[in-house]
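Participant: These came from TrEMBL, pasted as-is:
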TRANSMEM  A:21-40  transmembrane segment
DOMAIN    A:139-366  domain 'ABC transmembrane type-2'
TRANSMEM  A:174-196  transmembrane segment
TRANSMEM  A:217-244  transmembrane segment
TRANSMEM  A:250-271  transmembrane segment
TRANSMEM  A:283-305  transmembrane segment
TRANSMEM  A:340-360  transmembrane segment
Amino acid sequence: MKQLLVFIRKEFFHVFRDKRTLLIMFGLPVAQIVLFGFALTSEVKDITLTVIDNSRDANSQQLIRKIKSSSYFIVNESSIDYNDIANSFKKGTTKCALIFPAGFGNDLQHGGKAQLQIITDGSDPNTAKTVVNYITAITTAYQQEISPSPQLPYTIVPESRMLYNEEGNGSLNFIPGVMALVLMIVCTALTSVSVVREKELGTMEILLVSPFKPLMVLIAKAIPYLILSLANFVLILLLAVFVLDVGIKGSILLLFMESMLFIITCLSFGLMISNTTNSQQTALLLSMMGLMLPTMIFTGFMFPIENMPKIFQLISNIIPSRWYFLIIKSVMLKGLGFEYVWKETLVLLGMTIILLTIALKNFKTRLS
Amino acid sequence: MSAVTLDHITKTYDKGKVLAVNDVSLQVEEGELFGLIGPDGAGKTSIFRILTTLLLPDKGTASVRGYDCVKDYKEIRNRIGYMPGKFSLYQDLTVKENLDFFATLFGSTIEENYELIKDIYDQIKPFSDRRAGKLSGGMKQKLALCCALIHKPEVLFLDEPTTGVDVVSRKEFWDMLKHLKQQGITIVVSTPYMDEAVLCERIALIQNGKIMSVDTPDKIMAQFPVKLYAIKADNIYHLLTDLRSMPEIDSSFAFGEYIHITLKDAGADIDTLQRNITQRGHTHVDIKLIHPGIEDSFIRLMNQA
Amino acid sequence: MEEKVIVCKDLTKRFGDFYAVNKISFEVNKGEIFGFLGANGAGKTTAMRILCGLSHPTSGEAMVAGFDVYKQPESIKKNIGYMSQKFSLYENLTVVENIEFFGGVYGVSSSEIRKRSDNLIQKLGLTAEAKKLVGALPLGWKQKLAFSVAIFHQPRIVFLDEPTGGVDPVTRRQFWDMIYEAAASGITIFVTTHYMDEAEYCNRVTIMVDGKIEALDSPANLKTQFEADNMDEVFYRLARRAKRSGD
């Protein structure tokens, strides 16, 4: 027992004395969160909107005020010419333009029907679509405001609502994905590298020759990385809550236990890799290339699995992170309890047991 | 009972393509300082790994203190100390942390057997808070030896402990081994340096996986079958090429400033030889009868094989 | 007067306040076998790197093959060969491929490479192994081949960094035969070694201690100077004085 403790302490020394390991361990989650949370968000905020008001009446000014008071746009009421719009799009000084034709208010008051032109930058179709939706929504709301007694008895106003993410917080979906990705990389890569490093150094020979049981070597290697990964998991959660404003709906304990299970899956992966390789580079390459790519593609947080060809959908079933992603999404974002995720948990558990068995079976008590 | 026994051990790699150890049999007695002498690739490390239970032999049996290297590997792992070819230390741990770790790993403490390592450890003690990676080759070697000794093993296996270490540290290291031997530890050591052979009690000369001779260094040198002469002249390279072309010379090898030669005819007259050489234009020719060293024996055995 | 291929004067390399090489001065003649000895950490490797044009000295002068180490390191590299115990050949290329590659790197023409490599393979007795991977050759053969490749482009100087470490005693001597032959053809040999008997094979030997040259002469003169029976003793007496040690 004392041997195990000393061994674990040694592993911590290795981690805390190696800047690169520390960087991967704790720099990676921060970088990933920032990247996925901010850079890749699909949410639209503070879009520069150029308004050309050729009418300048009460109605147009009211509508502009409405748009200004929403948090989506920075309104730029310039007196630029219609023909200059294309230029400002090219320069990137504006993302969309709203044009009121002359006599807008007049048409609305008397004809009961007025026209508005929205021009958006189609080279960024996602933003363009969102912008059109926002302006349409604001305009519809304004329309109802000024004609409280509708002439038509039946008005159907569609109100779309994004479930579980009503504010359209784009980073939400990424959080479980980033968690799966970071845990996968950190656990697998660091565990496999730490075992293989002993082989390269030649210390593995001494470890094997010692009375310390070979199986204990693996356990002693796994425990520190389990602890560090859990710390990592907490770090990601804290970042999600406090930096990205993502609330945790479900039970934190359940989240923690499920993550622990997934960490053990990754550790088993790492140990499996370290059994078959003898150089740190190969171990790193295998865990990075071999696991990162499938995790990104087949987990479902970047590309919806439902849209993939049948064969890829089948492959995605054997990727552990896919199941973890489903579980975390359900627990964290939907607030569902264990009764809703037990199936996924069982799949993940089964995978873990298989991987761990292979890893332990293949660990050699001798050299090759 | 011998401390270490190898009985017709054969080991191959790459599915039998590379023959590393070829039918090797030898015994190391209790308390002996035994040397395995041979160049890189001779099979020394494979023999060490079989004895330390890290590799399984293809054929034959091996035992350490009566325990079989295959069946009783757990027993053996409790009783031996092993220092692999490269000084296997954790570069990012300090001297003290390394020692502490290996002591605990082998179920011991630094204090328990401090007496055994004291003389060696005292030399690196001033650096006990320095990371192992920042030590010189000689100090790494001493630390590695301390780590292998800290649990007071019955048999100590040292695989090329003096490779990559300078002459001064090498001499100090052999003094330490002699000292350890006096404490009753059986030591098996390997080295590619022929001049270190005479520091062992008994040696095995090994080449291409085969043992060429096992005996005390003195006996091996005494077994040299013919007279050996050392010869020198002003231009040693020309002398060497000339000697090779002379029919009466059986072998000629450069040894430092001299060339060691053996003659085909045991009764040949040295004065005649000296005259022949001088006739070829060599100046300051000096020929003398010498006692062969281990390297002479090694070369002779190699050429016979 | 003999032609000097290496001339060093007060050559110094400083890392912070650590003098790895401290004001060393020496000259090496054309065709000479020059032994460069010293304990680990004495500064041998650093000095050798400077002379090979791989590292800038902090101060002092050095000319190698007539070129200045400060201004013409690229010209130096073209005129020297280099071989070390650690890296010499590509293990996963065949004998012929290695020769072709290194010949090509040093700008030997293709026809010349073909001609010379046939000769070389024949001379080394590697005809049957020419198409085999270098990794499959025994160490001794590898080292002999590596040396041949290092002088394939007929450099003016060849630097050998512990070329015979771990090699068997017979091959070690065959290796030295090749060194002698190269020296006789006019190539200057600059060699480091851990085997003191090999120091005796050199025309002249320097021994570095703590970054300085403590001895420089022929082996015979050094033995007289230090009243020693062999070079081992000479070296031991000098190296024991060393205050610093390292890799």
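Here the Cβ of each residue, glycine as well, is placed from N, Cα and C on the backbone.
Describe the structural surroundings of these features, if you would.
Facilitator: For the transmembrane segment (A:21-40), same-chain residues at least 6 beyond its ends with a Cβ under 8 Å from one of its own Cβ atoms are 14-15, 170-171, 174-175, 177-178, 181-182, 185-186, 189-190, 228, 232, 235-236, 239-240, 243-244.
Through the fold, the transmembrane segment (A:217-244) approaches residues 4, 7-8, 11-12, 15, 25-26, 29-30, 33, 37, 169, 171, 175, 178-179, 182-183, 186-187, 190-191, 194-195, 207-208, 255-256, 259-260, 263-264, 266-267, 270-271, 359-360, 363 of its own chain, all at least 6 residues removed from its boundaries and within a Cβ separation under 8 Å.
Through the fold, the transmembrane segment (A:283-305) approaches residues 173-174, 176-178, 180-181, 184-185, 188-189, 192-193, 195-196, 269-270, 273-274, 277, 312-313, 315-316, 319, 321-322, 325-326 of its own chain, all at least 6 residues removed from its boundaries and within a Cβ separation under 8 Å.
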Participant: Near the transmembrane segment (A:340-360), which residues from the same chain, at least 6 beyond its ends, have a CB less than 8 A from one of its CBs?
Facilitator: 215, 218, 258, 261-262, 264-265, 268-269, 271-272, 275, 318, 320, 323-324, 326-327, 330-331
